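The structure under discussion appears below in the form of structure tokens.
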Amino acid sequence: MKNLLLTFLVVTIVCLDLGYTLICHRVHGLQTCEPDQKFCFRKTTMFFPNHPVLLMGCTYSCPTEKYSVCCSTDKCNK
């Protein structure tokens, strides 16, 4: 009985998410953010003339540039 209880306790601890982490979209797939990263962002930038580049992911603070979006819920930056 003790073994069963101990096994159940170990499985519970392993499967339990001990801290909430934000999930954000990246250009290809999803990204689980680090605990300190509290925001998702989506930003369009022009590295070269007439060639927009989309950047997406987790961030510590919201970008302030033009054509950027910042949010703080799971998968909100699609």
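Even glycines carry a Cβ here, placed using N, Cα and C.
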Member of Cys62, Cys76 annotated by Swiss-Prot as disulfide partner of Cys70: Cys62
As recorded in Swiss-Prot, which of Cys40, Cys71 forms the disulphide with Cys24: Cys40
Distance [Cα-Cα, Å, rounded] between Cys58 (disulfide bond) and Cys70 (disulfide bond): 10
Nearest recorded site to Cys24 (disulfide bond) by CA-CA distance, among disulfide-bonded residues Cys62, Cys70, Cys71, Cys76: Cys76
